[in-house]
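These notes are about the structure you will find just below.
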Amino acid sequence: MIKSSNSALYLLSCLTVLLLLPVPSLSADPDQLQDFCVADLKASMSINGFPCKPASKVSASDFFFDLSKEGVTNTSNLNFSITSANVLTFPAVNTLGIAMNRVDYGPGGLNPPHSHPRASESGVIIKGRVLVGFVTTQNVYYSKVLKPGEIFVIPRGLVHFQKNVGKGKALAYTSFNSHLPGAVTLATTLFGSQPSMPNEVLTQAFRVEDSVINTIKSKFGS
């Protein structure tokens, strides 16, 4: 009876240790079990990726995307344009953990402060001079003006921006380690949400009067 009890305690101890150890399959994205999974964007739901199109309906064109066309930058006062190659526009990257953007900047163009909740970002400047900056969780600001051929990296989730500080147009290509990195643009999120974020929250956070918040919200249609 004692021997049986000791065996049970030993087995329970082993199971407890196993439960406390990191499980490899949960510590990173799982390996793919197929060559590709071109997204079926018409599927009724998606959970960490879209369902795969049947291989019989996949064609060579699914695996290629055009980022050669210059974006229209003069549609807003920010004077910049993003052409995205993520899973929503380029379904072949589904489940691959990659995506790219083409970012065009008119003179003075600004990709405003924002963050990517699901990805780190790297980029290369192709044309012009671009000021790239980000702020850490310790409120430390890092920045540099980059020239063609120079690259940058933005750690996942940190607030960052890019601004054209050259005399003409600028161009950059950026990449992400997610097929859908997401973007949280601070100004739009805070002052243009629907329904609108309460003024009492914003006035207290920014230490300004109610009239200031209303003025800013009016510029974002909130």
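Even glycines carry a Cβ here, placed using N, Cα and C.
All TrEMBL annotations are machine predictions without curation.
Predicted, not measured: the structure shown is a model, and the values here were computed from it.
Annotated signal peptide per TrEMBL: 1-27, in sequence order.
Residues near C52 (disulfide bond) in space but far in sequence (CB under 8 A, at least 6 apart, same chain), listed by position: Q34, F36, C37, V38, A39, D40, N94. TrEMBL lists C37-C52 with the feature disulfide bond.
Annotation comment: TrEMBL describes 65-214 as domain 'Cupin type-1'.
In sequence order, L78, F80, I82, V103, Y105, F161, Q162, K163 are the residues of the chain that are 6 or more apart from N111 (oxalate binding site) and have a CB within less than 8 Å of its CB. Here TrEMBL flags N101, N111, H116, E121 as oxalate binding site.
Just so you know, the Cβ of H160 (Mn(2+) binding site) picks up 21 other Cβ atoms within 10 Å once every protein chain is counted. If you look up TrEMBL, you'll see H114, H116, E121, H160 marked as Mn(2+) binding site.
Of all Cβ atoms in the shown protein chains, 23 besides its own fall within 10 Å of the Cβ of H116 (oxalate binding site).
This prediction places the mean pLDDT of the domain 'Cupin type-1' (65-214) at 96. With helix defined as DSSP H, G or I and strand as E or B, the domain 'Cupin type-1' (65-214) counts 22 helix, 57 strand, 71 coil.
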